[in-house]
């Protein structure tokens with residue numbers, strides 16, 4: 001049995017703690033990205049592709065475990081899963097500070113990935129169970145903004161710590177351990193409610209009460225969209241430090257600041273998500289995401305200076321900040337509560353398979369184009385084309401009450 005007979009009313013601290021738990025959920029594996037060139041220098045016999053696995057293999061573990069973690073949260077409760085996930089994230093993440101081989105670092109970061117599998121879907125599910133309607137839309141935007149701020153803090157902090165050595169950035173994962181007692185005291189298991197027929201809110205282009213049946217088609221649209229988006233996004237996280245050092249031989253602090261700027265603008269757009277959601281359908285929001293990401297990547301690919309590269313990263317971040325809460329909001333509005341953990345777990349599967357795939361896409365594009373500029377330019381053009389396709393598709397569904 002979940003919850004208690006006495007209804008729990010989430011307060012200010014409940015929201016704050018959920019947002020804190022969400023902060024590392026999206027860019028947690030990329031927190032040490034500014035230190036990748038230093039790790040390459042510390043292990044000269046290890047290939048660049050192998051080094052990139054430090055931030056891209058953990059998402060594979062996240063993707064492979066996402067559905068299972070979601071199902072466990074449906075059966076045993078959200079709070080327990082969130083506590084275990086934070087512990088795994090913190091302890092496995094910090095382990096990199098003590099290890100002396102890339103293989104060992106990657107092994108423990110796979111456990112970090114399993115921990116991440118429980119953060120984003122569990123926080124998202126709790127928010128959708130605690131709140132509904134416009135409040136839910138606003139708080140899901142806040143959640144994505146918190147993930148952007150988390151990326152800013154973790155990646156900027158990682159860049160600063162990397163000035164000491166390549167090991168210190170791994171200490172950034174202590175954050176997860178610090179959040180555990182807050183979750184224990186301020187988060188309560190939500191009471192399960194009876195399923196009801198869904199109702200539609202024209203102002204948000206979504207359903208505001210839960211349906212009784214699951215329509216898999218829009219679920220797959222969200223999954224595929226987030227998969228493609230995260231391939232593009234993580235090329236910035238995994239490759240931009242190399243481009244920056246190649247362009248201007250900058251410090252790791254500058255690399256961290258540029259990546260942090262991407263996360264900051266993701267937070268800015270996510271914070272304003274509910275305003276966009278009142279004007280655009282879900283497919284249109286996804287279109288805007290791809291157009292912004294594609295434009296930003298194009299700018300990075302044509303840049304000849306650090307400020308212009310930073311501008312491109314900011315544009316990419318702004319686009320991602322529109323898409324992430326759109327996916328969460330759409331899924332939460334079409335999913336019966338009994339499937340909510342699994343479907344949100346599926347979302348994290350799609351997101352982190354995209355992150356994992358970005359390593360191979362990046363390697364192939366780099367081999368094809370021969371330069372980091374060519375890599376970013378090519379994927380930028382692809383992003384703009386996808387955005388146009390989504391906008392055209394949205395026109396075919398305009399007027400339908402399907403949230404697309």
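Backbone N, Cα and C atoms are what each Cβ position is placed from, and that goes for glycine too.
Looking just at the domain 'Major facilitator superfamily (MFS) profile' (14-398), the mean pLDDT is 85. Positions annotated as domain 'Major facilitator superfamily (MFS) profile' by TrEMBL: 14-398.
Distant neighbours of the transmembrane segment (51-69): 29-30, 32-33, 36, 39-40, 43, 81, 85, 96, 102, 105-106, 109-114, 116-118, 121-122, 234, 237-238, 342, 345-356, 358-359, 362; these residues of the same chain sit at least 6 beyond its ends, with a Cβ under 8 Å from one of its Cβ atoms. Summarising the annotation, TrEMBL assigns transmembrane segment to 51-69 (among others).
The feature transmembrane segment is assigned by TrEMBL to 81-99 (among others). Counting same-chain residues at least six beyond the ends of the transmembrane segment (81-99), those with a Cβ under 8 angstroms from any Cβ of the stretch are 21, 24, 28, 31-32, 54, 69, 72-73, 105, 108-109, 111-112, 114-119, 122-123, 126, 167-168, 170-180, 183-184, 187.
Tertiary proximity for the transmembrane segment (105-127) is limited to same-chain residues at least six positions away from its ends with a CB under 8 Å from its CB atoms, namely 18, 21-22, 24-26, 28-29, 53-54, 57-63, 65-66, 69-70, 73, 78, 81-82, 84-90, 92-93, 95-96, 99, 136, 139-140, 143, 147, 173, 176, 187, 190, 328, 332, 340-341, 344-345, 347-348, 351-352. Residues or ranges marked as transmembrane segment by TrEMBL: 105-127 (among others).
Marked as transmembrane segment by TrEMBL: 139-158 (among others). Using a Cβ-Cβ cut-off under 8 Å and counting only residues 6 or more beyond its ends in the same chain, the transmembrane segment (139-158) has close neighbours at 15, 18-20, 22-28, 30-35, 120, 123-124, 127-128, 131, 169, 172, 175, 237, 256-257, 259-268, 270-274, 277, 317, 321, 324-325, 328-329, 332.
Residues annotated as transmembrane segment in TrEMBL: 170-187 (among others). For the transmembrane segment (170-187), the list of distant contacts is 13-14, 16-18, 20-21, 23-24, 28, 31-32, 78-79, 82-83, 86-87, 89-97, 112, 115, 126, 154, 157-158, 161: same-chain residues at least six beyond its ends, Cβ to Cβ under 8 Å.
Among the features that TrEMBL reports, transmembrane segment is placed at 220-244 (among others).
Residues 27, 30, 33-35, 37-38, 134, 137-138, 140-153, 155-160, 162-163, 204, 236-237, 240-241, 244, 306, 309-310, 313-322, 324-326 of the same chain lie 6 or more positions beyond the ends of the transmembrane segment (250-274) yet place their CB under 8 Å from a CB of it. According to TrEMBL, the feature transmembrane segment maps to 250-274 (among others).
The feature transmembrane segment is assigned by TrEMBL to 286-304 (among others).
The annotation transmembrane segment is assigned in TrEMBL to 310-331 (among others).
Listed by sequence, the residues of this chain that lie at least six past the ends of the transmembrane segment (343-363) yet keep a Cβ under 8 A from its Cβ atoms are 26, 29, 49, 52-53, 56-57, 59-60, 62-64, 66-71, 73, 113, 116-117, 120-122, 124-125, 214, 219, 222-224, 226-235, 238-239, 327-328, 331-332, 335, 375, 379. Residues annotated as transmembrane segment in TrEMBL: 343-363 (among others).
What TrEMBL records for 375-397 (among others) is transmembrane segment. If you look at the transmembrane segment (375-397), the same-chain residues 6 or more away from its ends with a CB under 8 A from one of its CBs are 225, 228, 231-232, 235, 239, 243, 281, 283-284, 286-302, 312, 361-362, 365-366, 368-369, 404.
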